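J.: Starting off with a structure, shown below.
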Amino acid sequence: MAHDLLFRLFPLLALGVPLQSNRLGPTSRLRYSRFLDPSNVIFLRWDFDLEAEIISFELQVRTAGWVGFGVTNRYTNVGSDLVVGGVLPNGNVYFSDQHLVEEDTLKEDGSQDAELLGLTEDAVYTTMHFSRPFRSCDPHDLDITSNTVRVLAAYGLDDTLKLYRERTFVKSIFLLQVVHPDDLDVPEDTIIHDLEITNFLIPEDDTTYACTFLPLPIVSEKHHIYKFEPKLVYHNETTVHHILVYACGNASVLPTGISDCYGADPAFSLCSQVIVGSAVGGTSYQFPDDVGVSIGTPLDPQWILEIHYSNFNNLPGVYDSSGIRVYYTSQLCKYDTDVLQLGFFTFPIHFIPPGAESFMSYGLCRTEKFEEMNGAPMPDIQVYGYLLHTHLAGRALQAVQYRNGTQLRKICKDDSYDFNLQETRDLPSRVEIKPGDELLVECHYQTLDRDSMTFGGPSTINEMCLIFLFYYPQNNISSCMGYPDIIYVAHELGEEASE
């Protein structure tokens, strides 16, 4: 058969893998999982050993044909690193480390670096379980890194190995996660509360920022929010760009109803302290066991919900009731958590030239005035998590910590940032920031597909350069942003700066 020329074949009995299996094949102990396609046909489980630099995958596909899984890049599937396998009608299995030489054609690697751990087929599923090193010496193997990784999954209806667009899927995943939810405590008295907009008619405009005041859960004593997640209306996932919850002082007089966040009513724009949030591709996030968001005390602020809608198809008659779901408990954590927004001030002169292979924006935060701004002595802050944010031209971000003119560390980074995967991530270890430290945010953009200037702004086709640091203990500092020298920028552009 032609398959014998394409695959390395193994006798079924030599592998000790029965053809008939239960739904999931061999018992899986892999901690992480998600579907890779909109129809939930392809299900991936994975886990890894950081010390050994080995990662294991289990791909389960609703097919009796071949299955494949691997790593690809941002721009083309050609060159993708793909491990393929299946079970032939005679009971033999095939398994091979390959790469794409054309959009639909695979070629076997000279070095076989994937190890088969199990391959089964039943009346419904084909399940392939294998491991591979993070890195190999094979030029056709793409690395598994601590950045966002674009994975490719494909399958056939039979054992004829050829890729078809309708059965090939690419998804961005942060594979090397630091914490798994099973590692964290779940309080027995958990209460769920939804912070949501209600039956909001999304305007037919490209960009809308809708804000509304949110009454907090009514509790008689202090509680802690320990987890949050986006609550999206089905079919509106691609229209909701981000959801943020901001804090407003208890003395704030907040409007009722839903209004433009940055429009005529200044009350909304005065609420700038980010509490929790989610953006494109974001999922649930649980705080470390010793920190939580405080609610139920006289000092706790009022909240505003902000939803950014990107309706670039100008669809009429679309209603939305999206928001943020929070989980809270009376079991108090040791620390109240907070969020520090860093980056480049978006308005009015953040700009990126067209046709740029690489363009950098920098936002510098100097913390020596933090105690003065806080209005009280401020202890060192401990950073445990972060959220990266640019729009479509963003390619990479990082936050770097300096002390006394010396670089201490890169707090967080992603050299393969994807706008479609913006999620809160944990740091491998907590980072201490002292007053006087300098925090530099670096954003890398690419605009090869644009023929006009890209300006900073609220629309998805505008740009931003932001990193949100999750930290404790709580203080009164909400943001620390870099702001360019307007006179210098105007001079470089050959323009005259106005007041």
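Just so it is clear, glycine is given a Cβ too, placed from its N, Cα and C backbone atoms.
Note that the coordinates shown come from a computational prediction; the quantities given were computed from them, not determined experimentally.
Pulled these features from Swiss-Prot for this protein:
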type: ACT_SITE; residues: Tyr209; note: active site
type: ACT_SITE; residues: His389; note: active site
type: BINDING; residues: His389, His391, Met464; note: Cu cation B binding site
type: DISULFID; residues: Cys211-Cys261; note: disulfide bond
type: DISULFID; residues: Cys248-Cys271; note: disulfide bond
type: DISULFID; residues: Cys365-Cys480; note: disulfide bond
type: DISULFID; residues: Cys443-Cys465; note: disulfide bond
type: CARBOHYD; residues: Asn236; note: N-linked glycosylation site
type: CARBOHYD; residues: Asn250; note: N-linked glycosylation site
type: CARBOHYD; residues: Asn404; note: N-linked glycosylation site
type: CARBOHYD; residues: Asn476; note: N-linked glycosylation site
type: SIGNAL; residues: 1-16; note: signal peptide
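Could you place the listed features in the three-dimensional structure?
T.: Reduced to three states, the DSSP call for Tyr209 (active site) is strand.
Around His389 (active site), the same-chain residues six or more apart in sequence whose CB sits under 8 Å from its CB are His242, Ala279, Gly343, Gln422, Met464, Leu466, Ile467, Phe468, listed in sequence order. When secondary structure is read from DSSP and collapsed to three states, His389 (active site) falls in the strand class.
In three-state terms derived from DSSP, Cys261 (disulfide bond) belongs to neither a helical nor a strand segment and is classed as coil.
When other Cβ atoms within 10 Å of the Cβ of Cys271 (disulfide bond) are tallied across all protein chains shown, the result is 25.
Sequence-distant contacts of Cys480 (disulfide bond), defined by Cβ-Cβ distance under 8 angstroms and a gap of at least six in the same chain, are Leu340, Gln341, Leu342, Cys365, Arg366, Thr367, Phe370, Leu439.
A 10 Å cutoff on Cβ-Cβ distances gives Cys465 (disulfide bond) a total of 29 other Cβ atoms nearby, all chains included.
Within the same chain, residues at least 6 positions away in sequence whose Cβ sits under 8 Å from that of Asn236 (N-linked glycosylation site) are Ile202, Val318, Asp320, Ser322. In the three-state DSSP scheme, Asn236 (N-linked glycosylation site) is classed as coil.
For Asn404 (N-linked glycosylation site), other Cβ atoms within 10 Å of its Cβ number 8. Under the three-state DSSP scheme, Asn404 (N-linked glycosylation site) falls in the coil class.
Classification of Asn476 (N-linked glycosylation site) by DSSP places it in coil, neither helical nor stranded. The Cβ neighbour count for Asn476 (N-linked glycosylation site), using a 10 Å radius and every protein chain shown, is 13.
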J.: Could you tell me the C-alpha distance between Cys271 (disulfide bond) and Cys261 (disulfide bond) in angstrom, no decimals?
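T.: Rounded to the nearest whole number, the Cα-Cα distance is 10 Å.
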J.: Just checking the recorded positions Tyr209, Cys248, Cys261, Asn404, Cys443, Cys465: which sit within 10 A of His391 (Cu cation B binding site), CA to CA?
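T.: Candidates kept after distance check: Cys465.
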J.: Determine, from DSSP, whether Cys365 (disulfide bond) sits in helix, strand or coil.
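T.: In the DSSP reduction, Cys365 (disulfide bond) maps to strand.
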J.: Taking only same-chain residues 6+ apart in sequence, whose CB is under 8 Å from that of Cys443 (disulfide bond), what do you get?
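T.: In sequence order, the residues whose Cβ lies under 8 Å from that of Cys443 (disulfide bond) (at least 6 apart) are Gly343, Phe344, Met360, Ser361, Tyr362, Gly363, Thr390, Gly394, Ala396, Leu397, Cys465.
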J.: Where's the emptiest Cβ shell within 10 Å among the disulfide-bonded residues Cys248, Cys365?
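T.: Sparsest of the disulfide-bonded residues Cys248, Cys365 by Cβ contacts within 10 Å: Cys248.
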J.: To test your reading of the Cu cation B site: which residues beyond His389, His391, Met464, same chain only, put their Cβ within 8 Å of the Cβ centroid of those residues?
T.: Thr390, Gly394, Phe419, Glu463, Cys465, Leu466
